[in-house]
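Taken from TrEMBL, the feature active site, proton donor covers Cys73. The active site, proton acceptor annotation in TrEMBL covers Cys198. What TrEMBL lists as substrate binding site is Asn13, Asn64, Gly74, Asn75, Asn170, Glu188, Arg189, Gly199, Thr200.
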Amino acid sequence: MHIRFFKYQGTGNDFIIIDNRELTFPKTTELIQNMCHRKFGIGADGLILLENDEEVHFKMVYYNSDGRESTMCGNGGRCVAAFAKFIGIVDKRAVFRAVDGIHSAWIIDDVVSLELLDTSLPVKKEPGYYIDTGSPHLVIFKNDLDTIDVNLEGRKWRFDNTFENQGGVNVNFCSEPRGNTIYVRTYERGVESETLSCGTGVTAAALVTSYLYGINDSISVNTPGGDLSISFKRNSDKFEKISLTGQAKFVFEGKYWLS
Ligand SMILES: N[C@H](CCC[C@H](N)C(=O)O)C(=O)O
């Protein structure tokens, strides 16, 4: 017995994507952990199931590599939209249901723009700012981004009991802006290590930067996995019309054998 899978990466954040419209995938923590394992499995930051939906093109179910279902994944949303086009259930525009609500995405070649839901303004939480962009994020401004140990520094805050109600937090280290460009490195909850980029994380960093530095249009974000851009509208009490744009690429397909 095997499971057919498709491997995608969105600016280096990589995912196993499975067409689960027949609802045959065995949704167990152990199987998902094993499939995401970098040595004993396929290897990925997360696993995404595409399933049928009564009202929109499809439903996205997201699991971190720890095997547990999690909150919204921005890069994963961009990749599953690209996959939906690849299998022919959408053309240029995808509308899909995720854990936090309905999202639209536009697919043009290997660039995908994903609409994220509106969110309230950031809240000061030492040593940075907290904001939820579909997943919970702490944004910490630092100058020595190239030399910090993201795993060591990230773990200090990922489990901090300030964020107990949110089930912990993702930790984003962000440079001061140069013009409207920032550099971000992220420690990801549920992957429990630095990832090459984090979609909801770079969005969080961009919105906190807008809030603190008064940058009102789009913000470009460099990450170790590539470049992303975030556009948004800021008003007195929230951010809206948030869009995350970047590459989302098919890498390979295969069969995972269930031992
Ligand atoms: N690890 C995150 C979810 C995935 C976020 C990231 N992969 C993204 O692109 O948004 C969490 O559990 O909060």
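Backbone N, Cα and C define each Cβ position, glycine as well.
The structure, with features from TrEMBL marked on it.
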residue: Asn13; record: substrate binding site; contacts (Cβ under 8 Å, 6+ apart): Asp45, Gly46, Asn75, Gly76, Thr195, Leu196, Ser197, Cys198, Gly199, Gly225
residue: Cys73; record: active site, proton donor; contacts (Cβ under 8 Å, 6+ apart): Phe15, Gly46, Ile48, Tyr62, Ala98, Gly134, Ser135, Gly199, Thr200
residue: Gly74; record: substrate binding site; contacts (Cβ under 8 Å, 6+ apart): Leu114, Leu116, Thr133, Gly134, Ser135, Cys198, Gly199, Thr200, Gly201, Val202, Thr203, Leu244
residue: Asn170; record: substrate binding site; contacts (Cβ under 8 Å, 6+ apart): Ser135, Pro136, His137, Leu138, Arg158, Thr186, Tyr187, Glu188, Arg189, Cys198, Thr200, Gly201, Ala204
Extra residues within 8 Å (Cβ to Cβ centroid of Asn13, Asn64, Gly74, Asn75, Asn170, Glu188, Arg189, Gly199, Thr200), substrate: Asp45, Gly46, Cys73, Gly76, Ser135, Thr186, Val191, Thr195, Cys198, Gly201
The one of Arg189, Cys198, Thr200 whose CB sees the fewest other CB atoms within 10 Å, among these recorded positions: Arg189
Asn170 (substrate binding site): secondary structure state under DSSP, collapsed to three categories: strand
For substrate: widest Cα to Cα gap among Asn13, Asn64, Gly74, Asn75, Asn170, Glu188, Arg189, Gly199, Thr200 in Å: 15
In three-state DSSP terms, the structure that Cys198 (active site, proton acceptor) belongs to: coil
